[in-house]
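Copied over from TrEMBL, here are the features:
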- Asp20: active site (ACT_SITE)
- Asn68: active site, proton acceptor (ACT_SITE)
- Asp20, Glu207: Mg(2+) binding site (BINDING)
- 21-25, Arg33, His37, 65-67, Trp69, Arg71, Arg188, 194-196: substrate binding site (BINDING)
Amino acid sequence: MEEKVVDKNAIPRHVAIIMDGNGRWAKARGMPRMMGHRKGVEVAKEITRAAADIGIEYLTIWAFSTENWRRPPEEISGLMGLLHHTLKADLTEFHENGVRLRVLGSRKNLDQKTLELIDHAVKLTQNNTRFNLNIAFNYGGRDDIIQAARTLAKKVQEGALQPDEINEDLFSESLYTCGIPDPELLIRTSNELRISNYILWQMAYTEMVFIETYWPDFTKDDLLKAIIDYQQRDRRFGKVSSK
Ligand code: IPE
Ligand code: IPE
Ligand code: MG
């Protein structure tokens, strides 16, 4: 069979990833779950570089969900520590490479230090244009929709907006992903076939690729394969097939 190659003229602009399987990866090696998360961060950095090389413009990776607060306290603080580390140790490299960093999610329950690091990183990189890395942290799709609804309701209450003026564009602009195009492709690793409350509104027409590999084993090659898979899809958007 002829091997398929990536069509460079049809690279998705925005790829969203559910980086899943860190814990099972570690468990399979007799290591504590945190070792999986640590390796996962390394892989996330490699994949960020790979995505920029491939010509993807936006990469949204999910590092902590609104439901992950249900995990044991040691794991939660370990994951917070990894975010701190990334926002400190890797920030210069991101900045020098023209990466604009955004952190998507709720500020609720995050401590002052975490919020300061997030704000600093976002502000430092806000004018960078080479690549957009969005870290979804304390992110939940329903929370995103609720906070958008609240923002719009307040505007209506203040008399700055009429209920009839609320449309899809205005709603999209009120989400954490304001200014970011909807993802064309979602990849979830570790063979879990669910969305787990990720970017729900934004994924209305996203193509999904589920792969068996645990996130710490994910490679650039897996990313290219997922893009090839995406490129075979017939994206109809409700219309009749053009093929
Ligand atoms: C994904 O790996 C990373 C986070 C949710 C932070 P998991 O920690 O969910 O790993 P598994 O699914 O338990 O293997
Ligand atoms: C989703 O993975 C959240 C992140 C990858 C950060 P989970 O491992 O938390 O999702 P469930 O619990 O399997 O649905
Ligand atoms: Mg998981």
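Cβ coordinates are placed from backbone N, Cα and C, and glycine is handled just like the others.
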Sequence-ordered binding-site residues from Gly23, His37, Trp69, Arg188, Ile195, Glu207 with Cβ under 6 Å of an atom of ligand 2: none
Of Gly21, Gly23 (the binding-site residues), the residue whose Cβ has the fewest other Cβ atoms within 10 Å: Gly23
Cα distance (Å, whole number) from His37 (substrate binding site) to Asn68 (active site, proton acceptor): 13
C-alpha spacing of Asp20 (active site) relative to Arg188 (substrate binding site), in angstrom: 7
Arg188 (substrate binding site) - helix vs strand vs coil (DSSP): strand
Listed recorded positions adjacent to ligand 1, that is, members of Asp20, Thr66, Trp69, Arg188, Ile195 whose C-beta is under 6 A away: Asp20
